[in-house]
Structure formats: C-alpha cells, structure tokens
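Record features, source TrEMBL:
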- A:Asp296: active site, proton donor (ACT_SITE)
- A:Asp36: [4Fe-4S] cluster binding site (BINDING)
- A:Gly431, A:Met432: substrate binding site (BINDING)
- A:12-428: domain 'Nitrogenase/oxidoreductase component 1' (DOMAIN)
Amino acid sequence: MKLAYWMYAGPAHIGTLRVASSFKNVHAIMHAPLGDDYFNVMRSMLERERDFTPVTASIVDRHVLARGSQEKVVDNITRKDKEERPDLIVLTPTCTSSILQEDLQNFVDRASITSKSDVILADVNHYRVNELQAADRTLEQVVRYYLEKARRQGTLDQSITKEPSANIIGIFTLGFHNQHDCRELKRLLQELNIKINKVIPEGGSVKDLQDLPKAWFNLVPYREVGLMTAIYLEKTFGMPYISITPMGIVDTAECIRQIQKNVNNLISNKKVNYEPYIDQQTRFVSQAAWFSRSIDCQNLTGKKAVVFGDATHAASITRILAREMGIRVICTGTYCKHDAEWFKEQVQGFCDEVLITDDHTQVGDMIARIEPSAIFGTQMERHIGKRLDIPCGVISSPVHIQNFPLGYRPFLGYEGTNQIADLVYNSFTLGMEDHLLEIFGGHDTKEVITKSLSTDTDLTWNSESQLELNKIPGFVRGKIKRNTEKFARQNAITNITVEIMYAAKEALSA
Amino acid sequence: MSNKISETLTFECETGNYHTFCPISCVAWLYQKIEDSFFLVVGTKTCGYFLQNALGVMIFAEPRYAMAELEEGDISAQLNDYEELKRLCLQIKKDRNPSVIIWIGTCTTEIIKMDLEGMAPKLENELGIPIVVARANGLDYAFTQGEDTVLAAMAHRCPEQNLLIDKKKVVQDSNIQNLFSFLSFEKKEEISNEQLEKLKKNPPLVLFGSLPSTVASQLSSELKRQSIQVSGWLPAQRYTDLPLLGDHVYVCGVNPFLSRTATTLMRRRKCKLIGAPFPIGPDGTRAWIEKICSVFGIKTEGLEKREEQIWENLKDYLDLVRGKSVFFMGDNLLEISLARFLIRCGMIVYEIGIPYLDKRYQAAELLLLQTTCKKMSIPIPRIVEKPDNYNQIQRMRELQPDLAITGMAHANPLEARGINTKWSVEFTFAQIHGFTNARDILELVTRPLRRNNNLENLGWNDLTKKEKKNKI
C-alpha cells in the first residue's frame, strides 16, 4: 500500500477511454461500478465538449459480485450497437473488473456475433501500466485490429501517395494543448508541401485506418502516446517514423531536417531542401530567436529554474530554457518512470540534477530546497509554487480547465516557440514584479471600500456573532460583514447578534 | 401510510445506467466538517484519480484525507494488509495526530474481502486512536449515500446517554436573551422563568446530517425560537464532541439520503426517530419544525408568518420560475425535496430521477410532495428510481424542459442542444437548508435561466453540428 492523495498519471482505463473517445463513432463500454464514469465529467468539463461522451458503463454491482455479469455486458454492448450504431465498441476493464477475473473476451466474442459494430476488448493491465502507457497500447491495438482486418478482407492498399504525405499520430482528447499543436503541425507540413494523410486518433474514423500505410512517413509528436503504433507500422509496413518533438527552435529545425531526409529517401528526381525555410522561420517568423537576443532575455541569464512534467514536455522545455534562453535549470524531472532512460539521455548536459518520481511530495521538497526563481511544471507544481511564493508556468499534464484555452496556444512548431517564450518571460517577470513590490512596500490597497451609509462604527458585534463571522470563509467575510451592518443600520439595531446575521441574509435581495 | 402513497404516487425503476459520483466523494465535505478527523480511502488509483479530479482545488490544500493505494501485492495477498494499514496509520498519526481515523472501504476492498471491520479494533488498541470503518463503495451506493455509511458507522461510537439527570444550574443564558430581543427588534425583554423552563423541558433531541456549521446553527436557532433545545448533532464539529444517544433520545434527519443512519439510530441505539419532511425550502423547513414540535407537544409560534416572510423575500425569483418546467436526471438523492420545493414555487416538474428511494425514511417528504402537487393543482411527476440516462435524454428531447438538473457529464452536451442545465452537485455543496437559505436554492435554479435570458436573442441556442446522430 502507498499513502497518496495526488497522482500525476491516472489509472489505465482513463488512457483507453481517451483514445477510444477521440475517434469518431467509437463507443467505449466500461465494466465498472457506479461512479467510475467520471471520465465523462472530465471530458465534458475540461474540454467543454459539446457532444455526449461516447462512454457508458456496464455497471458492476452486488448482483454481479454474486453471480457474475452473465448477460449484462453482452446486453449492454448489443443495446449500444442498436442505439448509436458505432463502428467500433471497446470494452474497457477497470481495476475492479480486473480483480473479478470475468472472461470479458468471451463476452466480446459473443457480442460480436450479434452486433453490427466491431467489438474489441482493451488489453490493459491495471496494476502494471498507467494512463499514458494504456493509451499508447490501446491506440496500437485499434490500429493493428483494423489493418489486420483489411488484410484479411483484401482491401489493404499498400501503395504510397503520389505527393509526399504524413500521418500525425498521438493527438487525442484531454491532451495538453493537443488541439492547438495539431493545427500547428498541419500548418508546418503544409508549408513544406507535405499532405496530411491521417491524424489519429483525434477526429479519425476507424474505417480509414487501412489508409495509414499510404503515407510516406509517420510523425509522432509526443513520446507518451503513438510510439507503439509507429513502431508497429514500421515493422509491418516499413514506414519510417519521426519522433523528434518539434518544440523549441532547435528541435523544430531538427524535426524538419528529419522530414527532409525521409522525403528525399522516397523521391528519385528533385530532392527537397528545407534549409531556407528553416532559416526564414527561425530568424523572422518565430520571434523566439530574436527574443533570446533581446535585452529582456539578458536579464534571465543564469536565473534558476526547475522543470517537471511528462517526459516529452519536461525534456523539451529543459532544453529550450538551457540552450535557447540561457536559463540555469537546476533540476528537471518526469513522472514517466517507465521512460526514465530516454529522459536522462535527453536532458544530459542541460541541467544539474534529474529527478524521476511520481511522488509529488518529493517534487515539492526538491523545489523548496532549490528555491528557483520560476517553476515549469504541472498543475501540482503550480500549487507548490503558490505555497512557496514562486511563479510557475504550466507546461504539461495533469491539466486543469485553464489548460484548454480558447485562443490559439500551441507548444509545437514556430508559433509554439512564441507561446513558450511568452510563458517563460511572464513567469519570470511576475516573480520579479512581486519581488520589487515587496522591497518597496507593496501595493497600497489597504483602503476599505464600504457601500454603507456611514462607516463610523456605531455597531457592536457580540462575541457569538463575531465567532460566527470568523467561521465564514475569508473571501466572502467582508461582504457579509458589510451587508449585516447595513441591514442593522436600516433597522436601527446597534447590537449585532447571530440572529441579526441570519435575518440580514434573509432580507437581502442579493 | 406507505400504501396510501403508492396509490397515487407511481414509482418506476429503470436500468441503473446513470451517471453519479462515487460515494467516496463524501470525504470531500466530511473531512471539513469533522475538524479533528482523518479519512483514509482504501482503494486503487481509480478512486484516487476520481477524488483528485472531483475535489479540484481542495486537493492542494493539504487535506486531511489520503488514499491507501492498493498495489498488486495487496490484491494478490502477498503483503499482509494489517501490517500495511498499520504502517500507513502510524504515519498519519505521526504527521497529523487526528482524534479519529475513518477508513473508507471501496469496491476493491469488497471484492478481495479485506476485513476492515475485523482489523480496525485491533489496530485501534495498538495505536490508541479510534478507527471507524465505513464501506462507501460504488457497488452498493451512490454519491451522497457515502455520508450515510460514515454517519451510520459513527452512530455506534456515540456515548450512551446517562439516565441520571444531572441537576444543572439554570444559567441565565445570554443567547436566549438575544434571541428574544431579536423577536421584538427592540430593547431586551425580561425573560420569564416559564419560557426558560420550557427551553429546558424537551427531551434530548439529536439532529443527524452533515451541514456547514453556519447552517447547523441556523437550524438550531429556528428550533430555539420554538423553545426547543437541540442537544447535539451527528456529526459534530469535532469527533470528540459526538452527541449522547440512548433510548429516550429523539433523533431527526436533515437530509433525505440518511436512511441507513436513521435505521442504525433506531435499531441499534434505540433512539426515537421523528419522521419529517426535510428542511429544504421554506415549506419544508416549516413542516420539519412543525413535526418536531408536534412530537414534543409544543404549539408553534409565529411560524406561519415566518414562512410568509421568506416567500415574500423570494418574490423576484418566483416571478422568474413560475410556470417553467424542470427535469431531474437524478444523482444525489436530494431530488424529491428539491422537486417539492420547486413545485411550491410554481414550477412544473416532469420527472424526478433518483438513485435510490427509501419510501419509509422519505415517507413524510413524499406525502408533502403529494399535498404540494394538489395544492398547486399540477399532476404528480413520475418518480424514476435507478434511471437510465440514455432513455432520459430521449424523454427530454420530447419534453424540451426549461431546465434540466443534471450531472456534469451531460450538462455541456445538453446546453449545446439548447436545454438550460443546472449542475446537480452544486446543490450538495451549497447551503440550502432552513428558512435563511431558501434564496440560495433559487439563486442556483434561476442562474441558467437568468444567464440564458441575456443570450436569448442572439439566436445561437443550438450549437451542435447537424450531422450528429445523438441530437436532442
């Protein structure tokens, strides 16, 4: 057992559901007790999703515990098949169902016979993999299922497109700025005259998965999700893949050079040369290179920072801070323990120490020990920063609603470099501003604003009402105090008791 | 009585495929209520992730709850669960030193049959801290019923009321003085001994249900106006202040989801249960007080006027809701009481979805619902236990209610289809009890209506793409 109240990566089924609900017309059915469907709440709330989340539960209750699910799961699958006519239904085990050890594969087989939809069982072990690993696994499973199906049916067309084209793999729901990143990647590829063949899973249709091999290469922007699929496609169809995350100026250029290599491998006549494009973008389109030279950024030189997040974002941001802005990264870390080796290799030479942990208290202690000028981390680090009075820029999942901005905020590509520069700069200057204010005595906002008729204290609060007032949370206490006093004056009451407080609340039309 | 109800009230039961919060979410409000407690949820990553997401910002405030996260070794019994729990509880004792540790059992502990009830007394002796076990799992319960399991477990821990009536001196209580001065809004009156005597007279009354302390004292003071003294609350602000219980103690619930607690108090602690409607809305509050008074043989004073006054204060909101229709999808068991109050406000309720309905515990509330419908001359809404969200959405498509009270999983999709929604969980966390807070309920209910009145003329009510199949 482990004592914990916060985790960076969720349980495995969340990863599966994220992949399943990113596809168009795919429905996931969880084998789970009541209340385990809070994934729907997350998606509806955080992503402000307009459509009903295509996830339902086949409820595990007392009866199921006693007699097994029997017909229940099969009935739920066939019912959903009739109601929604999805292309694919993914039966998703949860930690509860994995202990029950029911033969879910058997349910899937039985349900496939009667449903028009394809039905598969997500193959994840709850006690060995986390949300990200499960998502990676599920995506590969779905792709494999459809490619093998196409091969069996003889509909698999392995010829590549005439023009250079790419698949983008790993954009999905509840991913950190995924939607914006996807748009930016599409734009980047378009400017290089590369067609987008497919984007999966977000908005993709499982019927189109058989067209994946038509692309010249695969682009996997995030390490956490999509690599398994890319490796499978390479093994089976010889498709090359690029897994350099185009985050920051240097890495974006590196990624484009990789694309160039892959395109030129398949072109016989006119070889492409993207160097002029890289140069133009770096020096004039992206503002980040200029920002690094500007006076502003000079002030950031040698400032201490700490980075923590998923492997992709933490590694990339570390390199940007150290290599592109001259900021000293004292410690960088990731909660993707399964990817520790890769991570260490990536950040080698860009930071003083590396922390691999999924225990937020260790991260908090590390930050307290180092006392950096700014933190770049997840929502958890943001709150650690609040407690220690250190500004924090959020660069990675776990996410909050404010990480789903309506405005365009990619982290990848050339526009991404601008966004990151803003984020870094604002984190540091805010810290600086605070610091200066402290030195010069703070903002002068001590004046009390009252809406009352007069502010002379002709009112006394007795000890009980004083106590009651102190029970009220700080942020509304002032308002309640003012309203009560206003009410008391209107009724010519001088002694404020608890009852007067209640009466004031009742009488108030606000 | 219950027979008579079922003649006119119809109860349906659907598939139970509905969305609600897991009952372990009760730690969110209970750890705040019981200030010296620590809640340990014995479960998996799934439970932890739920709490983390459901509690949002609270999680960062070093809350007094934690997960005992089960790992593979715990599931396959390679690790000794007693030793594991001991290790964690020692850690908790060292870091927080609570007066009580509450173990919340989950689905996983049920399935692997972890004997929490068996281990708790042993560990309690070893640690010297009381350990209360509540099995608030999703196999058996929904959302607010979590609190029910915790309070039922705590009811066993309340000290026994000593039959020796100790001779307390009658203290001139300044509270009481203030109370009467308030009634007359003028100088303090002399309190007659008779009234003082009356206050001391009623047999011990314990109210059960976790409310914010302000709301609890509001309800206590409403009863005090009728010269009824509340002798204690379950739960109290601190675990060490649990109320005395015994065979001549009267108990009364303040929330509709506390049926197990009620049963435990009656059967195991021999208390006398006062079955009343719940003090939600001015009508409910008045009926609740009247019922308690009638049990104690006390004639109520000024209650009618008090209720009228509150309705008077609500006038601006009532104008907004009158004639509007509501659909409760059902997820927190407050639905019957809220529907009853909204009908009294002049709204039309199409359907009351509810996870579970204890017809005996809610008998008085159901009766009030019936009489309210008669009084407002509208048909009694259908009551659907264990609803099926998919079917409900189909029904909503037919009915096009003015307001759907629903969980967050459906709120945004319904809004996108032009149906006003109010998120039901807010009713669980907002202050909705008593006369004083009636306004807050309507504040919540009217918010979407007020917001959407502002947007009405923009012509953007349907914000979904037309090709969607699951359109409403």
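Yeah, the Cβs are placed from backbone N, Cα and C, and that goes for glycine too.
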Site of maximum Cβ density within 10 Å, from recorded positions A:Asp36, A:Asp296: A:Asp36
Cα distance (Å, whole number) from A:Asp296 (active site, proton donor) to A:Asp36 ([4Fe-4S] cluster binding site): 49
DSSP-derived class (H/G/I helix, E/B strand, else coil) of A:Asp36 ([4Fe-4S] cluster binding site): coil
Average pLDDT across the domain 'Nitrogenase/oxidoreductase component 1' (A:12-428), rounded to a whole number: 93
